Structures are given as structure tokens and as C-alpha cells.
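Engineer: Handing you a structure now.
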Amino acid sequence: MFLWKNAVVICALLGLATLPATMLVRERWEKVYAARLVIGGGVMACLMLSAAPMVLTQIGFLLVMVASFDKRVPMSATYLFFFFWAPAAGSLLAVAGAYIAPLTPFLSFAGALLAGYLLHPEHHQRRRFVMTDLYMLAFLLTFCVCVSLRAPPSGIARNVVNYFIPYMLTFHVLSRVRIARPELVLRLLLFGAAAASLLCIFETVRRWPLYAGIAWVKGDLWTIDMPTTWLERGGIARAYGPYAHPLTGGAMLGLAATAAWALYQARGRSGPMLALGFAALLGLASTLSRSGMVAIAVGIMVFQTLRGRYMLAVLMPLAGLAVITTLPILGHDEARLSTLYRLELVTGVPRALGHGVWFGYREAIQQGLLDAFIQGQGIVDLVNTYLAIVVQGGVVSLLPFAVFLLSTFLHYPSIRRMRPDREQLLLAQALVAIQAALLVSLALMSSWAAPMQMSFVVAAVLIALRFEVARAHDAARRIAKPAPLVATLPEVEGEKLPALR
């Protein structure tokens with residue numbers, strides 16, 4: 001079984017995004033590398049739409065990413081392309097009927113990063129321990145302990161595989177690889193996001209969810225993070241694209257639009273880049289997601305503030321607010337009800353948890369403690385990452401997570417003091433802006449999804465950039481340091497006299 005029509009459409013849309021992307025290359029070898037990425041992206045789509053079991057599909061994802069790493073391209077750039085492009089669908093891995101752990105692309109990509117790190121020592125970058133490492137480790141350990149308090153040994157192992165291993169591996173590898181070409185990181189991120197946006201646009205126009213039906217083709221009853229319910233807003237279909245939900249897709253494409261604006265500052269005005277950026281904006285619009293609007297408004301506002309361009313920094317949030325409140329399809333009654341529901345979650349869930357608010361009570365939903373917050377779809381929709389962390393891991397898990405996110409911003413002043421080149425500075429500003437947008441957007445969506453994963457990726461890449469800049473700064477200081485003056489005296493009868501230093 002193979003959804004060949006879906007595969008043809010997806011590969012054609014990926015090829016369409018490749019045309020402007022190849023026009024932005026600076027060297028000839030980059031076109032060959034872009035072709036490798038396109039082939040890898042097409043293989044991923046075909047694997048997902050085939051009857052191959054989900055285990056083999058995720059192994060295929062790992063092998064494709066490992067094969068795509070190149071010594072001339074930062075590993076973070078390759079990772080971000082596939083992170084935005086690859087379908088998010090995964091499965092609950094079961095052996096002999098026993099549920100072992102969720103198997104998702106994020107776990108596969110973490111394994112690919114580890115394999116690529118071992119196979120490409122030229123990308124290695126030595127760095128010292130920073131406080132962000134401590135906060136990240138504290139959050140993952142605290143959360144895993146709290147969520148496993150009443151779990152059996154198999155549940156504890158499942159939590160370690162689901163939460164600790166992929167996030168720890170991803171952060172560890174991406175923060176310890178070189179970023180020799182900062183502009184290429186932004187460009188490949190935009191390339192992957194633009195290709196994903198074309199899928200979103202197609203789904204809205206044709207009302208055809210391209211990654212729906214995966215469970216039927218694979219015969220997998222435990223497929224997760226795939227389109228199951230066709231959502232509409234104002235009579236218009238909300239696109240999924242390769243993402244698990246239009247809410248997630250909107251936030252991710254909003255972050256990509258921020259990266260596109262940074263790339264515009266680095267490369268200047270050009271038709272191909274405008275085409276990719278415009279595609280990302282249209283993809284964001286096709287998700288009909290208010291979280292995406294918030295992400296792009298906050299991201300560009302922070303980016304322009306860091307560059308000292310305050311006029312656009314003020315206008316962006318005002319424009320976003322005007323769009324959300326004036327467009328009937330985004331505002332009015334539905335927006336009001338959604339806002340009220342989110343406020344009720346923030347104020348009511350901690351009270352419903354009682355003493356469980358400190359260390360979490362993951363059984364709260366199953367035991368009916370949160371039944372008062374069941375919404376129209378018949379579920380308790382914890383569309384707030386911070387609140388979901390409190391429910392599962394308590395306040396003691398939320399605090400290190402918040403400190404981890406905030407500590408990311410402290411790396412920017414260190415980078416700025418070392419006088420980076422223009423591309424390095426723009427990448428640092430873009431990463432800080434994306435993290436600021438994530439800090440706000442995470443309050444509008446579910447936990448442990450792509451945006452939360454992206455927050456770990458951004459923190460890791462910013463740390464790697466900091467030490468890349470530090471290495472170049474130290475090398476420049478050594479070159480600029482004058483050689484010591486040595487006074488030489490002539491030799492007398494074959495014997496050199498002592499010299500003053």
C-alpha cells in the first residue's frame with residue numbers, strides 16, 4: 001500500500017520550493033547539497049506514506065538525516081531543514097502487545113545528531129560548561145522524577161526515553177558543533193519552512209490533508225501526531241501540513257517568518273528570498289492560527305529592538321493585534337470564548353490540583369479532577385505549555401524550565417561584546433527573537449510539541465554560536481598581538497653575545 005498521489009503532490013511542492021532556494025546559493029557545491037536535501041526530504045515523505053512499519057519509517061528518517069550531513073554545512077542548518085519539513089507523525093512502539101515508548105521523528109533526529117557528531121569530527125567544537133546546561137539538566141531530571149513518582153518501572157523507563165534522552169541528546173550535540181556559516185543556518189531553516197508552507201497552502205485550497213490516512217496504510221492503530229479531525233474556522237479548512245496540529249504549524253511558521261526577516265537583513269532584497277518568505281507567510285495564514293500571528297509579531301518586535309530599529313518594533317505588535325481583532329475569521333465570538341477558556345485553565349487548574357500543584361499529578365485528567373475544563377471536542381485541552389508542565393511535573397519542574405528559557409537571553413550580551421561579524425550578529429539576534437516569540441507562544445499551545453522542542457534547539461544553537469564567536473575573537477587577538485622585540489648583537493669570533501630582551 002502506498003499513497004502515491006499524496007507522495008507525488010508533496011514531492012512536487014518540495015521541488016517548487018527548491019527553485020527559489022537554489023537561486024540563493026553562493027557557491028556551486030551548494031546546489032548539489034540542496035539536491036541532496038530535496039532527495040532526502042522526498043524519501044522521508046514517501047516512507048511516511050508507504051506501508052512500511054513506523055519503526056522502519058523512523059529508522060529511515062535517521063539514516064536520511066545522517067546521510068545529509070556534510071563537512072561544509074553546519075549540522076544545525078541540516079537539522080533545522082528537516083525539523084521544519086519532516087512529518088511529525090509517529091507511533092506508540094509496542095512489543096508483544098506491551099507499550100514501550102513513543103517513537104517520533106524528534107527521537108529519531110536526536111539519534112541522527114549523535115551519529116552525525118561521531119562521524120564528522122570536523123564539526124566538533126569544544127566549549128566550557130555554562131549555566132544554561134545546568135538549568136536544562138535540572139528541568140529534565142526534575143520533570144522525569146516528578147512524572148514518575150507513582151509510575152511502575154516500565155513507566156519510569158518510558159518517561160526517560162520520551163523526555164530525557166531526545167531533549168538531552170539534541171541540546172548536547174547542537175550546542176557542541178561549529179557554525180562556520182551563520183547565514184546558511186537561516187537559509188536552510190527558511191527553505192524547509194517554505195516547503196512545509198506550500199503543503200499548508202495546498203491543503204487549504206484543495207481541502208486535501210496530505211498526511212491523513214497514514215494509520216490506515218501502515219495498519220498501525222497507535223499512530224500519533226497525524227491529522228485525524230479536519231478543523232475549520234469560518235468555513236475555511238485549517239491546514240496541517242507536516243505538523244501535528246494547525247496551532248503547532250502556525251507557531252512554527254511564525255518563527256520561520258522571523259528567520260526570513262533576519263535573512264532579508266543579511267542578504268538584502270532579492271526575488272527568490274521574497275518568494276520563500278511570502279510562501280511562509282501564506283502558509284501561516286492557511287493555518288488560521290492566532291498563535292502564529294503572535295509569534296511573528298513578538299519575534300520581529302524583539303529582532304528590531306535588538307537592531308535599534310524601534311519604529312517597526314512598535315508597529316509590529318499593533319499590526320498583529322489589529323489583524324486578530326478586526327478579521328472576522330480570527331476574532332469576535334470564537335476568539336472571546338477561546339480567551340475565556342484559557343483564562344479559566346490558568347486560574348482553575350491549580351485550584352483543582354490542590355496539593356498536587358507542587359510535584360504534579362499526571363493522573364488528574366484520568367481521575368476526573370479536571371472535568372470542569374472539558375471543551376467542545378470532549379477533551380481537557382491544556383493549551384498552555386507551562387500549565388501542562390505543572391499538571392505533569394508540578395511547580396518544581398516549571399521553575400527550572402522558566403529559568404532555562406530566560407538564561408538563553410544572557411548569551412546575547414556575551415556575543416555582542418566579542419564584536420562578531422555581521423552574519424554572526426544577525427543570527428544571534430534572530431535566535432534571541434525566536435526564543436522570545438517561543439516564550440510567549442508556549443502559553444498558547446500544548447507541551448512537548450514542536451515549539452517546545454524548538455526552544456531547546458534555539459538555546460543550543462545560540463550557545464554554539466557564542467563559542468564560535470569566542471574562538472574567532474581569540475584567534476584575532478592572537479594575530480593582533482605584536483611579537484616581542486628582541487635585540488640582536490653581532491657574533492664576535494664565532495660566539496654570539498647575550499641579547500637584551
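Glycine is treated like the rest: Cβ placed from N, Cα and C.
What TrEMBL shows for this protein is this:
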- 34-67: transmembrane segment (TRANSMEM)
- 79-100: transmembrane segment (TRANSMEM)
- 106-122: transmembrane segment (TRANSMEM)
- 134-151: transmembrane segment (TRANSMEM)
- 184-202: transmembrane segment (TRANSMEM)
- 276-303: transmembrane segment (TRANSMEM)
- 310-330: transmembrane segment (TRANSMEM)
- 386-412: transmembrane segment (TRANSMEM)
- 424-444: transmembrane segment (TRANSMEM)
- 450-469: transmembrane segment (TRANSMEM)
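Could you place these features in context, so I can see how deep they sit and what lies close by?
Structural biologist: Distant neighbours of the transmembrane segment (134-151): 158-160, 163-164, 167-168, 171, 359-360, 362-363, 389, 392-394, 396-397, 400-401, 403-404, 407, 456, 459; these residues of the same chain sit at least 6 beyond its ends, with a Cβ under 8 Å from one of its Cβ atoms.
Within the same chain, residues 17, 20-21, 24, 190-191, 193-194, 196-201, 203-204, 233-234, 236, 238-239, 241, 246-247, 249-258, 260-264, 312-314, 316-317, 319-321, 323-324, 329-330, 335, 338, 429-430, 432-434, 436-438, 440-441, 444-445 sit at least 6 positions outside the transmembrane segment (276-303) and bring their C-beta atoms closer than 8 Å to a C-beta of that stretch.
Using a Cβ-Cβ cut-off under 8 Å and counting only residues 6 or more beyond its ends in the same chain, the transmembrane segment (386-412) has close neighbours at 130-132, 135-136, 138-139, 142-143, 146-147, 306, 345-346, 349-350, 353, 356-362, 364-365, 370, 428-429, 432, 435-436, 438-439, 442-443, 446-448, 455, 458-459, 462-463, 466.
Under 8 Å from some Cβ of the transmembrane segment (450-469) lie the Cβ atoms of residues 76, 79-80, 83, 88, 106, 125-128, 130, 132, 136, 167, 170-180, 182, 185, 243-244, 248, 251-252, 255, 385, 404-405, 407-408, 411-412, 414-415, 418, 420, 424, 427-428, 431-432, 434-435, 438-439, 441-442, all in the same chain and six or more residues away from its ends.
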Engineer: With a Cβ cut-off under 8 Å, give me the same-chain residues at least six positions beyond the ends of the transmembrane segment (184-202) that come close to it.
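Structural biologist: Contacts of the transmembrane segment (184-202) (Cβ under 8 Å, skipping residues fewer than 6 from its ends): 9-10, 13-14, 16-18, 20-21, 24, 34, 37, 41, 73-74, 76-78, 80-85, 208, 210, 239-243, 249, 252-253, 256, 259-260, 262-263, 266, 273, 275-277, 279-284, 286-287, 426-427, 430, 461.
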Engineer: By Cβ distance under 8 Å, which residues at least 6 away from the ends of the transmembrane segment (34-67) in the same chain are close to it?
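Structural biologist: Contacts of the transmembrane segment (34-67) (Cβ under 8 Å, skipping residues fewer than 6 from its ends): 1-4, 6-7, 10-11, 14-15, 18, 21-22, 25, 78-79, 81-82, 85-87, 89-91, 93, 103-105, 107-109, 111-113, 115-116, 119, 188, 191-192, 195, 211, 214, 217-220, 223.
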Engineer: Which sequence positions outside the transmembrane segment (424-444), separated from its termini by at least 6 residues, show Cβ-Cβ distances below 8 Å to it?
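Structural biologist: Contacts with the transmembrane segment (424-444): 179, 182-183, 185-186, 247, 251, 254-255, 258-259, 261-262, 265-266, 290-291, 294-296, 298-303, 306-307, 342, 383-386, 405-406, 408-409, 411-412, 415-416, 451-452, 454-455, 458-459, 461-462, 465-466, 468-469.
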